[in-house]
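Everything below concerns the one structure shown next.
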Amino acid sequence: MSPFELEFEGLKVQIGSIEGFEPRGEGPLPCPTVSDLADWDRKLFARYRVIAFPICDMCCMCTYGRCNLAEGRRGACGIDIRSNTARFTALKTCIGAACHAAHARHLVEYILEKLGDVEIDLGSEVDVMTPIFETLVGFKPKTVSDLEKGLEYIERELTKVLSSVHVGQEMDPHDYESKALHAGMIDNLALEIADVAQIAAFDMPKGEAPLVEFGPFAADDSKPCILLVGHNVAPGTEVLDYLEERGLDEEVEVLGICCTAWDVSRVDDRSKVIGPLSRQLHYVRMGIADVVVLDEQCIRADIVEEANEVGSRVIATRDLVMAGLPDVTDEPTEKIIEKMVSGEWMGVFIEDLEKAAEVAVEVAIRVHERRKKEIPQPDPKKLQKEAKRCLGCGDCERVCPNDLPIVEAMERAANGDFEGLADLFDRCVGCARCESECPTKLRVMNMIEDAWRLRTKEEKYKVRTGRGPIKDVEIRQVGGPIVMGDIPGVVAFVACPNYPDDVKQVGKMVEELLERNYIVLTSGCTAMALGMYTDEDGKTLYEKYEDRFDAGCLVNTGSCVSNAHILGACIKIAAIFAKKPLKGNFKEIADYILNRIGACGVLWGTMSQKALAISTGFTRWGIPIVYGPAGLKYQTLYIGDLDGDWTVYDARTGKECKEYCPIHLKYAAEDWREALVQAVKLCIRPNDTPQGRQTKLQNYIELYKEFYNELPPDLPLYVRDKNDVPITLRDEVMEYLEEVGWKPRKGITEPTLLEENVRG
């Protein structure tokens, strides 16, 4: 029952809103606009140079064009290439933010309609439940309907930023980047609204989570299988509800690819997480699914065609992804089921989620036995025969984003050796461009997958499903050690599986950091990639390391929207440990994170506009980002400029000094070793105590020497005096520092970029 709905015998009274009960933003700056935070952005750009990497020199945005902007030229509207590149950064960030905003809007409205105005409760150990919302919107939401205030703010600001990319609007590259930061920041708010709403409504884990089975062979293919693909858990919850109502919980397998997989496993841990986005085409072609249910985001544009080819029926459920399918929402349920079972309708769009769930379950049950007999299994003879059709032209390798040695693998397969093809599976990003280029139309991905299946037989792992928020008690225990530097850092491995090489490289980085006592958080497709990394005993990192927000522990927060809890943990350190007020207080909180909390994000396989929005938002809050090499295609990085303004004030005394950390805000690494070194370095903060700085520098120096066989050349930037130098490395480091003319300097106790924070 709604809190504004009264029911008596024979009478129901509904009250829309009560005068005086409307929550209002409080604090210095509730619901800040672009211009409200432009001065904070300028402080960032005064030290971090915006480096542009335009993908194309041409601008085709209006009918004046196309205009060549190369070599200092300007377009017909007057724009230059730097501003145009920044404009596209803002545009792509808006696209990503719009995805999460639409997702959050749908979840909130769906929950209000289906369950009423649910109270927001993230468990007894989480009191600061919505740190991003409180910091930006200015009040603490109590029920799901309160979250609509945040959505209104998001939609208002997103519309403004998007309008700025129109011809004849913004013209300055830094102001475009400022707008990109704004869109990213409100994207982070959308993440929190979506995840908090679904945790409250669907009783997801609240700070702890079980281990679940992971991988395509975790599915019991002797049962009817429903495969959920996308990011919005609402259709999946309806499937689970229908199965429970019918008593079919144990009779039908519910599987998931991408973030829907994490979220449905958070609702019911009997569901199976089978793989990330990069495996979507592979696993659809395997024919595991009797029915594929689509919701939204990260869905391949050819999924309907690919699913139908192996006899899987497809049901689209969101108007964001109608997929050209007939809208049968208003058709009788039994008619839809009959036509899908017969194959007359191989794919349909059903916007009514309850009906979609019923159809999915009933169709899966009825087609399963027939489909099971039709699914082809890997055949070594057929695989060898296909490999012999390869011309060795190399067209596939030229378009492969990872330059995989496909031709060599085909030659080996033609001679009956399939190991080369099988080895490509973990390095394949699943784009299938090789197949589009092949003059003989070889199904290259199928061949790679078949070779892998012949070798693997059965691949099952254990992963920890998403646990959602970080508990307040965890923040109290580690807030001090993080701020002082005794815990060397908090590193988040997030985003897409567009890895530049073997998927297991992510696991190598994470394990190295865990062994060095960093707190590691993960989410989304990267959290799945970690599940594929095992030790010699076959154990995954989730089985080896504890699920706690503490030194040397590994936390999976959940799906992409759960990234809000990663940022939220940093905000909660400011609120719980430092007693900073949150409401409407973005600048002070971001300043605290930038100067005192050693946190960093690694997006090793970044691909989507959503990942750009998430990461760009994090940088505005003061959390630096390391991309993989694909991050260059986002077109702008924020690289430290040693000639910039690195002035930091001591809030106690007003004393000024230069502190060159974190040295970058957005960085792209060429290989995993460079990414690991940068992640460690970007956890260095002005607030580090001598002991904390020693710990951080020891990790930085040891890794740099291991990979590059020399001391880091930028050590003088981070050594304030000899007490910062690790004892075991002191002689070597001090000798080097003296050679390069380093001079000791004093640190400060309360670093801030904000002059208004100075008390002395």
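The backbone N, Cα and C atoms fix where each Cβ goes, glycine too.
Values in this document were obtained by computation on a predicted structure and should not be read as measured data.
Site annotation (Swiss-Prot, ligand [Ni-4Fe-4S] cluster) includes HIS231, CYS259, CYS298, CYS496, CYS560; from CYS438, CYS525, CYS570, CYS600, the additional listed residue is CYS525.
The two recorded residues, CYS496 ([Ni-4Fe-4S] cluster binding site) and CYS434 ([4Fe-4S] cluster 4 binding site), show a Cα separation of 20 Å.
In the three-state DSSP scheme, CYS438 ([4Fe-4S] cluster 3 binding site) is classed as coil. When the Cα of CYS67 ([4Fe-4S] cluster 2 binding site) is compared against those of the binding-site residues CYS60, HIS100, HIS231, CYS393, CYS396, the shortest separation belongs to CYS60. The sparsest Cβ neighbourhood within 10 Å, among the listed binding-site residues (CYS60, CYS77, CYS298, CYS396, CYS525), is found at CYS60. CYS77 ([4Fe-4S] cluster 2 binding site) sits 41 Å from CYS259 ([Ni-4Fe-4S] cluster binding site), taking the Cα positions as reference. Among the binding-site residues listed (CYS59, CYS62, CYS393, CYS431), CYS431 has its Cα nearest to the Cα of CYS298 ([Ni-4Fe-4S] cluster binding site). Listed in chain order, the residues near the [4Fe-4S] cluster 4 site other than CYS400, CYS428, CYS431, CYS434 are CYS396, VAL399, PRO401, ASN402, LEU404, ILE406, VAL429, GLY430, ALA432, ARG433, VAL444, MET445, each with its Cβ within 8 Å of the site Cβ centroid. Taking the Cβ of CYS259 ([Ni-4Fe-4S] cluster binding site) as reference, residues of its chain lying under 8 Å away and at least six apart in sequence are, in sequence order, GLY230, HIS231, GLN297, CYS298, GLY524, CYS525, GLY558, SER559, CYS560, VAL561. With DSSP states grouped into helix (H, G, I), strand (E, B) and coil, the domain '4Fe-4S ferredoxin-type 1' (381-410) comes out at 17 helix, 0 strand, 13 coil.
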